[in-house]
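For reference, TrEMBL has these:
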type	residues	note
SIGNAL	1-31	signal peptide
ACT_SITE	Thr226	active site, nucleophile
BINDING	Arg254, Val255, Gly256, Asp257, Thr277, Gly278, Asp279, Gly280	substrate binding site
Amino acid sequence: MERFGLDSKDRLRASALLLILLFQVTERVAGASSLYPLVVSTWPFLEAVERAWSAANNGYSAVDSVVEGCSACEELRCDGTVGPGGSPDENGETTIDAMVMDGVTMEVGAVAAMRYIKDGIKAARLVMRHTGHTLLVGEKASAFSISMGLPGPTDLSSPESIEKWNKWKENNCQPNFWKNVVPANSCGPYHSNGLLLAAETTCLGDGPRRAVELRSNHFGLHSHDTISMAVIDKFGHIAVGTSTNGATFKIPGRVGDGPIAGSSAYVDSDIGACGATGDGDIMMRFLPCYQVVESMRLGMMPKDAAKDAISRIARKFPDFVGAIFAVNKNGTHAGACHGWTFQYSVRSPEMHSAKVFTVLP
Ligand code: ASP
């Protein structure tokens, strides 16, 4: 020290400074570990939440923990609408939409309408980690996944999905997602009924212009579901992930909100995260999770941000069903829903096991 011209007073000051710094760092780490890791997920997918939490608790990053959690749901085929063997489309085929987002780097990887591969969320992570792209779709997403080492091709149908599909066909392919078509009560092929053209050429006056929509709302409780999960790891980094088979009896090629960043999930580690489930065809028009995170950035609490995002959709589509959870970087969480009762699950260090929260519409 003498060599650098420090006298004993300087040395005392330097040691005091060092002690203060050490104290601050220790306090920050202790503070972080009492809040985190934290896992929030749509629905009572408790095993998936526990899997993500123990991964994060064992030092996995937020991204890898979210992948562990969503993979658990794919293996367990949560609600029969995640992983292989769920929600057949009009051709009786099961496909997977999945996404992962890193709230530190804002990188996203996603796959959509992916066939023959059961590991949706792992495929999404491969897109994020090993390509400069954000979203790969269909056959090419499957080929990419296999080339990167995921098992496949695998038949994603199950006896349950085939039985469901057969019953639907016996019921003249009702309900379905077509609108403004003839013949209405059959399995097609369909043609435009001309109604839309008539409406577009009709003067609608000053009243609100509404879509000419004859689609019945069959986005019920059991025809679809998404695992949408947020993990805050031990270092306070946040990631989100989603995986779903999308909507049952969808028109082949349909992609829902699951792989759309800002819609089914969104995260910024400086602010917090959001996850969504419900009628993705409608919800993705509003990017509700982007809305939630940006509202929290402007100072809203998670509860108000979630409610606000849901009510923006409900104002335009009063019959839609959907739900959202929001969690800020301090671990405060809340949910909001419309058209159905929503449940989401949470696991934090102060809980002995994952806990389910129920939100009324
Ligand atoms: N949002 C999903 C979709 O539309 C389904 C769901 O979460 O219920 O594909």
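Glycine is treated like the rest: Cβ placed from N, Cα and C.
Annotations in TrEMBL come from automatic prediction, not curation.
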CB within-chain contacts under 8 A for Gly256 (substrate binding site), separation at least 6: Asp97, His224, Thr226, Thr244, Gly246, Ala247, Lys250, Ser264, Gly280, Asp281, Met284
Contacting recorded positions for ligand 1, chosen from Thr226, Arg254, Val255, Gly256, Thr277 when the Cβ sits under 6 angstroms of any of its atoms: Thr226, Gly256, Thr277
Asp279 (substrate binding site): secondary structure state under DSSP, collapsed to three categories: coil
All-chain count of other Cβ atoms within 10 Å of Asp257 (substrate binding site): 32
